[in-house]
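Undergrad: Mind having a look at this structure? Questions to follow.
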Amino acid sequence: MAWLRLQPLTSAFLHFGLVTFVLFLNCLRAEAGDSGDVPSAGQNNESCSGSSDCKEGVILPIWYPENPSLGDKIARVIVYFVALIYMFLGVSIIADRFMASIEVITSQEREVTIKKPNGETSTTTIRVWNETVSNLTLMALGSSAPEILLSLIEVCGHGFIAGDLGPSTIVGSAAFNMFIIIGICVYVIPDGETRKIKHLRVFFVTAAWSIFAYIWLYMILAVFSPGVVQVWEGLLTLFFFPVCVLLAWVADKRLLFYKYMHKKYRTDKHRGIIIETEGDHPKGIEMDGKMMNSHFLDGNFTPLEGKEVDESRREMIRILKDLKQKHPEKDLDQLVEMANYYALSHQQKSRAFYRIQATRMMTGAGNILKKHAAEQAKKTSSMSEVHTDEPEDFASKVFFDPCSYQCLENCGAVLLTVVRKGGDISKTMYVDYKTEDGSANAGADYEFTEGTVVLKPGETQKEFSVGIIDDDIFEEDEHFFVRLSNVRVEEEQLAEGMLPAILNSLPLPRAVLASPCVATVTILDDDHAGIFTFECDTIHVSESIGVMEVKVLRTSGARGTVIVPFRTVEGTAKGGGEDFEDAYGELEFKNDETVKTIHIKVIDDKAYEKNKNYVIEMMGPRMVDMSVQKALLLSPEVTDRKLTVEEEEAKRIAEMGKPVLGEHPKLEVIIEESYEFKSTVDKLIKKTNLALVVGTHSWRDQFMEAITVSAGGDEDEDESGEERLPSCFDYVMHFLTVFWKVLFACVPPTEYCHGWACFVVSILIIGMLTAIIGDLASHFGCTIGLKDSVTAVVFVAFGTSVPDTFASKAAALQDVYADASIGNVTGSNAVNVFLGIGLAWSVAAIYWAMQGQEFHVSAGTLAFSVTLFTIFAFVCLSVLLYRRRPHLGGELGGPRGCKLATTWLFVSLWLLYILFATLEAYCYIKGF
């Protein structure tokens, strides 16, 4: 991702701007102090000015001497600033491991046994963690661990005395998340596109708790017991965390009062997600796929199964055709794997994934999607499953599985599978089938077929074939249908001595047709004059090779005779016998001929030549034995007269069947001093090395990953999942971060203890780094005369939130919905208060209560920041809610003017928050 490459520079420039801003305020404060003006009555100079006397940190000692000269002070500021950025980078990398362990933990499944009403039992797997619960607990902890641990470490490390750094970082981080991250996500969506929150009820619950958390923080600071945090206040703050999680879970599961509300969702039990079922949007504000004040007036709607099957079929054909066009040499299994990679790269992902992806691509660790391509290809192959209620206990359901089939025109025949499910499988069952025309016609495109499938006792599925007719005419893809009918069960003869009454009381085995009972077969046409291409775009040869052979491939059809001109073009390697012999001419491909070879002599002059290159290029191919009708349709003279509709269609199809150049019309030949046949092995190794999974299996894998440079780049740059070379930026960032990557490779792999070992060790390391960051930030602030509250709000909050910013931006661009990009912002803000401040203050309040004293917390600056943030958060959430109206379409994106206005508003709110919080800290405006 190109924007990720600017992350360190962007972070540095923004930090520099913030430093300049705060130093400007310091100059104003110093000028006011020199003139004898008192900024605010009733407040002493010590509380209104930043102290230049640094205090001992939790880990870092004081840098002596304490009163350095101006030059030494500038040097110290630079050292502290660079160290802060480097420590933030280290926290991002260990947070990558931490989030990977959370992904492993939250994706765990367990087996459950389900007992059906008829007494049968079946075993299935379900996710242990609910998505909403994991987002508000482990996911929030993973993204906010530095802020939470900083608050706890600051209190415990300074003798259980309240500090400004931890709480101010939490409030400042909340402001940055709410205003800057959401503002960026609004802006980066392409003009005219929108993203909306899907689970709006959960978002409302977390947003309400987010605002309540900061209102509650103000109440315990300035209302209940001003300046003192009592034990019950700290414990109640901490107790609000599980209450928030519980209510969000209730909203997600639609329990309590939610179950009485109108449901317009279909729940996918297998994936645990909610899918909207209605697309009509009347005027108003949309909420969870339902318009407010709207009602379901009638029951006439298109069945979901039909829509999904049709859309899935079209999407599958489009992906396979595109991939086959780009990679005609690939076999079907490779195309399926590439298609699965494409689907994986475009599906909705968790916030943890984007956080890990952003960090790894920023640090030269590569694209983790390329690791999952093979595994996802297997997992996604069994996604078509019909969920219908059992008609009766003793009825067998008969249907196609799958219901969509694709085949090439020259395949000969296509196999279709009929499945029976449930009922008594000890009986023989019969079901008739018959082909029906679609855009494909029986006798011309396929063989008309009808017959009866016999499922013998114990058989649950049976295959039958339909012949496909191959012709020499290039035509568009066509489809036909196969319909099941007249399902029946072979009944046994009446047993001797059995009374009719007894026979009638027995539940006779019966069978019914279930959906889908109609299969769609799509014929992918392969009649084409051919696509002509080299095997690759670059080849390395040794100068001692003598005569090199270059293959020209003819793929995706081999109809007719085609001539392909070619020539060599000089680069740094010169022709005419200096480095190679010039070559030019024409290749003539006969009918059904698929490969031709170009021979070029390479001159061996015994010189050390590295990266000398030249190019072999093909020109436009032309048909030789074109039919008269096709030649007339494609001739220039035909444009002088108006064609009939039939001639226009025939001309269009003829144009599509013309020979064309493929993916590699040019071949760059690089002449080196030596050449070894290892390109295939290298590609295989690179593919293996690119398999960067979120989880790790061994320490060896982690250390290999830590010292390996892999290419970043956008997922859309290479839909096949194949490797490109690392850029200069990838190498630079790798060498800058290799210390952290090797150090954190010592963390236990995520496979150990189901991720919990990695979880515990990672959070301990994050805590240690956070303690160092707190000391660096405090020493940085005191060196330039900043208060801890200002340093926390401006610098620490910014540094801890930068990785989340880039992760949210990636999620906003790549996800269909806005949940992964901004849906978790409000939840994280609430968790920061309940865990970060609640835990730290509970520990401190209990400690001082055991000493018979009270835990004192200064309410001034923190209470003012909390109040200011709460007001601005109301404005932000109101704007987001208004943006769900139909003329805007969603929280993110929209028309360019609306995007700019929203982004500028949110950024302005953050700048105003920073300005007012800083002015209040230095007593330029009166706080509480």
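Positions of Cβ are set from backbone N, Cα and C atoms, glycine also.
Here the structure is a predicted model, which means the values were calculated and not measured.
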Undergrad: Going by the topological domains annotated in Swiss-Prot, do Pro68 and Arg896 sit on the same side of the membrane?
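TA: Taking the topological domain names from Swiss-Prot at face value, Pro68 sits on the side where Arg896 is.
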Undergrad: Pick from 253-272, 313-332, 433-452, 573-592: which range has region 'Putative calmodulin-binding region' per Swiss-Prot?
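TA: Checking Swiss-Prot against the ranges 253-272, 313-332, 433-452, 573-592, the region 'Putative calmodulin-binding region' one is 253-272.
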Undergrad: Pick from Asn45, Asn130: which one does Swiss-Prot list as N-linked glycosylation site?
TA: Asn45
Undergrad: Where Glu478 (Ca(2+) 4 binding site) and Glu543 (Ca(2+) 5 binding site) are concerned, what is their Cα separation in Å, rounded?
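TA: Checking the Cα atoms of Glu478 (Ca(2+) 4 binding site) and Glu543 (Ca(2+) 5 binding site) gives a distance of 51 Å.
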Undergrad: What's the CA to CA span in angstrom from Asp579 (Ca(2+) 6 binding site) over to Glu543 (Ca(2+) 5 binding site)?
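TA: Each residue's Cα considered, Asp579 (Ca(2+) 6 binding site) and Glu543 (Ca(2+) 5 binding site) end up 8 Å apart.
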Undergrad: Identify, among the binding-site residues Asp445, Asp470, the residue whose Cβ has the fewest other Cβ atoms within 10 Å in this structure.
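TA: The binding-site residues Asp445, Asp470 were compared, and Asp470 has the fewest Cβ atoms within 10 Å.
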Undergrad: In whole Å, how far is Glu543 (Ca(2+) 5 binding site) from Asp471 (Ca(2+) 1 binding site) when you measure between their Cα atoms?
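TA: Cα to Cα, Asp471 (Ca(2+) 1 binding site) and Glu543 (Ca(2+) 5 binding site) are separated by 47 Å.
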Undergrad: Nearest to Glu543 (Ca(2+) 5 binding site) in three-dimensional space, by Cα, is which of the binding-site residues Glu409, Asp445, Asp470?
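TA: Nearest candidate: Glu409.
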Undergrad: Between Glu409 (Ca(2+) 1 binding site) and Asp470 (Ca(2+) 2 binding site), how far is it from one CA atom to the other, in Å?
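TA: A Cα-Cα distance of 5 Å.
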Undergrad: What Cα-Cα separation, expressed in whole Å, is found between Asp445 (Ca(2+) 1 binding site) and Asp470 (Ca(2+) 2 binding site)?
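TA: Here the two Cα atoms are 7 Å apart.
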Undergrad: Restricting attention to the topological domain 'Extracellular' (31-73), give the mean pLDDT.
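TA: Here the mean pLDDT over the topological domain 'Extracellular' (31-73) amounts to 62.
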Undergrad: Other Cβ atoms within 10 Å is the metric here; tell me which of the binding-site residues Asp471, Asp579 scores highest.
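TA: Going through Asp471, Asp579 one by one, the largest Cβ count within 10 Å is at Asp579.
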